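Pulled from Swiss-Prot:
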type: DOMAIN; residues: 4-57; note: domain 'Myosin N-terminal SH3-like'
type: DOMAIN; residues: 70-774; note: domain 'Myosin motor'
type: BINDING; residues: 164, 165, 166, 167, 168, 169, 170, 171; note: ATP binding site
type: REGION; residues: 443-523; note: region 'Actin-binding'
type: DOMAIN; residues: 778-798; note: domain 'IQ 1'
type: DOMAIN; residues: 800-824; note: domain 'IQ 2'
type: DOMAIN; residues: 825-847; note: domain 'IQ 3'
type: DOMAIN; residues: 848-872; note: domain 'IQ 4'
type: DOMAIN; residues: 873-895; note: domain 'IQ 5'
type: DOMAIN; residues: 896-925; note: domain 'IQ 6'
type: COILED; residues: 926-1079; note: coiled coil
type: REGION; residues: 1080-1554; note: region 'Non alpha-helical, tail domain'
type: COMPBIAS; residues: 1082-1093; note: compositional bias 'Low complexity'
type: REGION; residues: 1082-1109; note: region 'Disordered'
type: COMPBIAS; residues: 1098-1109; note: compositional bias 'Polar residues'
type: DOMAIN; residues: 1205-1480; note: domain 'Dilute'
């Protein structure tokens, strides 16, 4: 061992267990080593020893590990595996909010006493699913996943043993393990998503947790939810590795808790849940009140648990009971039994001198008996009396008061324990029925069992618990030993037998024929057996060799005995051992209970009898041959527990075992507080230190050859390893290099062994190698610095000499130049002075002359302006007078003219109204309508002319107003001009003020007069405006009347047109009927024609895609019109007949559309240079629109429904089945076509609802049918669009998921900053390169962009798709990044930043600047990796920059940072500061509640369902649809339909034109 100055070590401490220190002095005098140790509290300790071997002298301090190893994830990787190193490693990880640590095969789980739900989220389950242990950080799920994989691959049953003392978190750990198994199946199924619902069986398995916790857990001083029983849950799997059921075994329920609770503790949760959750009516029926009223509940004084709502827990329990098949009625019966137990506890027994008495009328007794359905008299009798059965008679005797209390409590405990067993039996019946049992292929067992316990007073319960832990510890030690030796054999290394502490003597002490349990059973079966007698037998039998090594009696007293357990010696108090072991209820009470009228109670007792019978059968089978016994003895609680423990160990030994040791870090249950001494005692008790001791006896540290060479090759000269970088390096070369390294640096060959795949090291060797490596790096860095500094300072010296010489020469030249320059400057100064003086004199003269000239010009200007102003004022006055005098006559004339026009229009209106009445009576005549139409047209023309005249007059008045307004503006300008002139006169001609004042007053008078005139003009203008408004109102009235007249005229036109069409149709029909009669054709061939004709008027406008137009009807005196009308109607009828036949045959049409159009089409190509028209892209939708609209036009509503149902289903199937390269193009293609179809349906709905012209020829029922059909179709297409969008986007996400992590996280595109992905050695064998690059991601986004652009998908939809995918990339890459170990470095940060920046640039180049916001988490994570982390200021900077990251995420990234060899490791103080800041900020954000990890470290991955972005934008506009079918499509029926529709539209258009 090395104790050089500066060596860090550990020294024992009473308060902290161990304290850190450093060797500050080491001397060696007289063969004695004198060490001076400075502790962390500055205390100095001096140690003197003859040896430096810590195993030979306990006074020597224990060596401390290098800082880089102190917070290791696996304790076995510590170089110095000693007690303080293990404690410090767990403490360091706990301080960094890491509650899990490996210790070989054991997972150590330290209770955080905080809410850390994010550690067990579905994202975390998904992260660990399929991962090997060691790939990710230590976690509960890593153990569960390992068990699941081994069961699946090796076909071997598994067991997970969860142990620890009360409050360590065993129950929570077991619960989350069960949740993992219930969730992991879905994560491993193809195309499954982690949000899928669990199966009914899995829900039932998880429902057992709240049930067992309610009936078997209670609040203790150490734990608010302490399990008071042991539980082994087998999760059952079938051949397909699917969960099909479960089985529960329970061990040693703490019966005494029902009747007694220590201070600050509670009874079982279910009682408090009942009182909080039952309704007042139910409480009244059960005669229940408050907690304080019941003896069985008020002894502890703690009725409430902080942060727990018993009413909510009651609802959870009730729901769980219902889920496992216990009906509401049965639940109520259970609650009646529980209420009865509370009333039994309140039964008051009267105390006499020697006996006890109890009346059957005692109120609490009466209520209890009523609820249980038993006889109160007999029940009361057997509380105060006992019966002894002899061979000849039964003897009944009285009990004293204390015995009566025991009898009362015994029957209560008996009923509750029986109820608990009945619950477990019912759960097993539901979860493992015969059908399930027949399909069981394998199972994973989860053992949640009490840890080693030792209190001031230890009783029967602690004895059984510690006995179970002895058995488990023995199995654990053997398992660890076995694994160690298997590893050595597998690697074929030399090894010797590893000694370890075997606790078999302690187990023999308990189990042997003359052991503690046997003597206890023997004494319990004696009627007069007592604790004192049993104690004496123990002393006599066991306090002698060989058992006295593990058994002893205390120095004082005769009521205790001491057992030396593997963890420590425990003193047991014998009081109550006999009574608890008997665990009996009197035969009298048993008979009373079995006579109950409560069927549930009888069922509970029957279950108990069945269990007793099974136990008796097992004892009979296991009984050794010998003389037959006369009596069947009732099994004691100790024997039952022993038998069940033997069965449990048999089960565990037959499975592959995994261990989880739960640690309680402090007694006060305060979040993230670590008590060294308490944890240390638990590490000793749970066997972790023993495991490490076994490992230390062999080769605890092991490295692969490649890892060893990668780290320690620098310890030998480079000529040995430089050639290893070549591509032809083999594994044998690597092994030879390892031998060379070890041979050069390790003298003792016993310190290591070379295996087949690994190198094994003794304890302390890694620290030695690390020291050599750090020394080599230090020496190398010093040498490099020396050489670099030498070169640097020599260059600096030569540069200084050269600069001095240059300075001398340059200084002399500078001084010479300075003298010459001074002479030149002197001459120049004289010349400049002379020039300046002459220039100054010249400028003064010029300035004076200029001022005189300017004054003269100003005077002349003033006089000229005055004369000009007078002239303008005179002209303006004349002009205003002229316009005002002309205004009144003109106004009078216009008024007279308007009045005349109004009178004329009113008269004409009266005549028109009269004429209208006449026209209405003559409307039946078609010829008369024509004449009327012509006259009305003339009337419209006249009215239009009249309106034009009115408008013209209005324009004239407006022009007049504008002229007056202009005059007013001119007057205002005059005023402004005068004011400006006044200012100029005041400044320039101050000396002429008096003369100018006279003139100014005259001008002022004129201005006042002008203002008066302007005011009068304003009043006149206002009057004109008022009159103009009146004229406008009158004109509007006339226009409204004119519009009414035009509307009336339009109605006549419409009626005329309809009548003409009707007449033509009837004539054509008559002609056809006559022709049919003449040719002998039957009437059956034209039965569909009237329907088609009737539908025509309703949907013809939809068929051609144009809006309905009103046509003017103009009378024509052409004799050939009627013949043309007949031929047109005949053509339309023929087209409609053929269309009807084609569309009515939906089977042929559907087959052709589905197979030929939908499934057999070719997607138009996309790309940068490809531009497709809408008809080339949307032809499938438009063909369907044409077919659909004509089906509606011809009344084929039923056929259209079946047709569309087939189309919708086919399109959705096509998108669902998209794979590979077709996914992007086909998805975008169908997205835009479905949008086109949806837009058409919306257009059709709006047309039918808002335009009456579409409804002509439809009765009310037909109209409702069409409205309903279109509304349903709208919903169907909306759903189809939503489904297609979601299916397509999820497929894009799935394709992106394969590429994103490899491209964004793994790929290294930035040259010069490549981080090593693996060892530089063996490049061909071990190199791993990312499968996808960033170019693949950009190509992916480019394909989406061009497909959506080419296929005319709306821009808003494109933006939403890209933003969703970018957020998805950000989330999955960040979640992958944050879970990576030994990966996060500053070089990786640069590469990440470069990769994400390329995505940002793509977004900006495609007009998506907001895309940067979607990638914030990855950007900030990359920045975090690049920033310094050396001090607290750096951490504050990181916190400011990484504003989008949660505190827990920042802490996780920093703690995962992989420090390079040339970097300084992040100090432990910094890591602790970050963790403390996370706790502080989370505490503040949760309003004082302790929720350190209230936020998940994972980002939420949005995997749908997504909102359809089409729902947020307007539908597409519809014009005339161009019929287009590509030539390569084989659609004969569809082509004919389109041709006929085109012909129909052509004929209809020609008819409209005529």
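From the backbone N, Cα and C atoms, a Cβ is placed for every residue, glycine too.
Each of 111, 223, 226, 227, 451, 662, 664 belongs to the same chain as 164, 165, 166, 167, 168, 169, 170, 171, is absent from that list, and has a C-beta within 8 angstroms of the C-beta centroid marking the ATP site. Residue 170 (ATP binding site) falls within a helical segment according to DSSP.
The least crowded of the binding-site residues 166, 171, judged by other CB atoms within 10 A of its own CB, is 166. The domain 'Myosin motor' (70-774) and the domain 'Myosin N-terminal SH3-like' (4-57) are in contact, since at least 3 Cβ pairs between them lie under 8 Å (pairs 6 or more apart in sequence).
Within the domain 'IQ 1' (778-798), the DSSP-based counts of helix, strand and coil residues read 21 helix, 0 strand, 0 coil.
Beyond the domain 'IQ 1' (778-798), the same-chain residues lying 6 or more positions past its ends with a Cβ under 8 Å from any Cβ of the stretch are 714. Sequence-distant neighbours of residue 165 (ATP binding site) (same chain, 6+ residues apart, CB-CB distance under 8 A): 222, 450, 451, 452, 453, 662, 664, 682, 685. Residue 168 (ATP binding site) has a Cβ environment of 25 other Cβ atoms inside 10 Å. In sequence order, 109, 170, 451, 661, 662, 663, 664, 682, 686 are the residues of the chain that are 6 or more apart from residue 164 (ATP binding site) and have a CB within less than 8 Å of its CB. If you average pLDDT over the domain 'Myosin motor' (70-774) in this model, you get 87. There are 29 other CB atoms within 10 A of the CB of residue 170 (ATP binding site), with all protein chains counted. There are 25 other Cβ atoms within 10 Å of the Cβ belonging to residue 169 (ATP binding site). Residue 164 (ATP binding site) falls outside any helix or strand according to DSSP and counts as coil. Under DSSP, the residues of the domain 'IQ 4' (848-872) split into helix, strand and coil as follows: 25 helix, 0 strand, 0 coil.
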